Amino acid sequence: MYNKTVSINLDSRCNASCDHCCFSSSPTSTTRMEKEYIRELVTEFAKNKTIQVISFTGGEVFLDYKFLKELMEIIKPYEKQITLISNGFWGLSKKKVQEYFHDMNSLNVIALTISYDEYHAPFVKSSSIKNILEHSRKYPDIDISLNMAVTKDKMSNHILEELGDSILGVKITKFPMISVGAAKTRIKQENIHKFYSLEDEDSLHCPGYDIVYHHDGEIYPCCSPAIFETKITLREEYNQSFERTVEKLNSNLLLFILRKEGFKWFLNILKENNKIEEFDIPYEFSSICGVCGSLFNSAEKINYFYPYMEKYYNENFKV
């Protein structure tokens, strides 16, 4: 379980410095893993018989296209599927659009997700996105999608109008902002959509798990923007194998309780001890991932649950 896909956040550097960026990426960001280590990781993932999909994101992965292509060429002989996430800045050059799509098609890229909305617009022209979407029609085997982060005051409807016919047939997803990264200080809370509350028990479940090797060197159990501000890491040593990472994901008691009992288990403990405000848990939220971020964003908070988790273990597993 959880061993068929893996994601790598290559670099925090980006051509943009968006107000909503979960990583607070910018042209001056320098946080990244060493290239040789990334090469070793990708080689390990490519050779792993259980991994089917390898995903690359950033920062902006196309800023160092030579390195990105090198990594994809490492993977190609092993016939793994590749997915990419980009803000599409490179679409301004039709020559690059042609080159990159030709390479992606030959290197088994099955999906390209473009992140573009009103927050990206100051840094990337809509014509760049339009060029990418229009050219993608020549490559039906590459699934193109457009992801748009939105707030109440910036729904990006005029962006869709600017893109015109180029969006026909393209999967478009608008998703509400999560207050993490740059958004914590640059996006007003009243502008963030909040569909759920702590009273909605059906919303208090973790939506899923994907192993992510982050550019800060940590290994995280999912790809939600909020997870990168928590202390839930699967890393125990530098040369940790992928098999060991999967083992840690499956055996971690905190994550097991999340999968089995949901966030309600942790929230009930806080309610019983009048700790909801102390843990800064939002009553209303756009995504349960924001609650996760508040629950586990410090070692002290995680340690608070240890006695309860130990009791849970003794009651459910200890012989």
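The backbone N, Cα and C atoms fix where each Cβ goes, and this holds for glycine too.
According to Swiss-Prot, the feature [4Fe-4S] cluster binding site maps to Cys14, Cys18, Cys21. Over all protein chains present, the Cβ of Cys18 ([4Fe-4S] cluster binding site) has 26 other Cβ atoms lying within 10 Å. DSSP assigns Cys18 ([4Fe-4S] cluster binding site) to coil in the three-state reduction, placing it in neither a helix nor a strand.
For 1-214, the entry in Swiss-Prot reads domain 'Radical SAM core', with the evidence type sequence analysis.
One way to see the shell of the [4Fe-4S] cluster site is to take the Cβ centroid of Cys14, Cys18, Cys21; the remaining same-chain residues with a Cβ within 8 Å of it are Ala16, Ser17, His20, Phe23, Ser24, Ser25, Ser26, Asn87, Tyr119, His120, Phe123, Ala182. For the domain 'Radical SAM core' (1-214), the mean pLDDT of the prediction comes to 96.
Residues near Cys21 ([4Fe-4S] cluster binding site) in space but far in sequence (CB under 8 A, at least 6 apart, same chain), listed by position: Cys14, Tyr119, Gly181, Ala182, Ala183. Within 10 Å of the C-beta of Cys14 ([4Fe-4S] cluster binding site) there are 23 other C-beta atoms, taking all protein chains into account.
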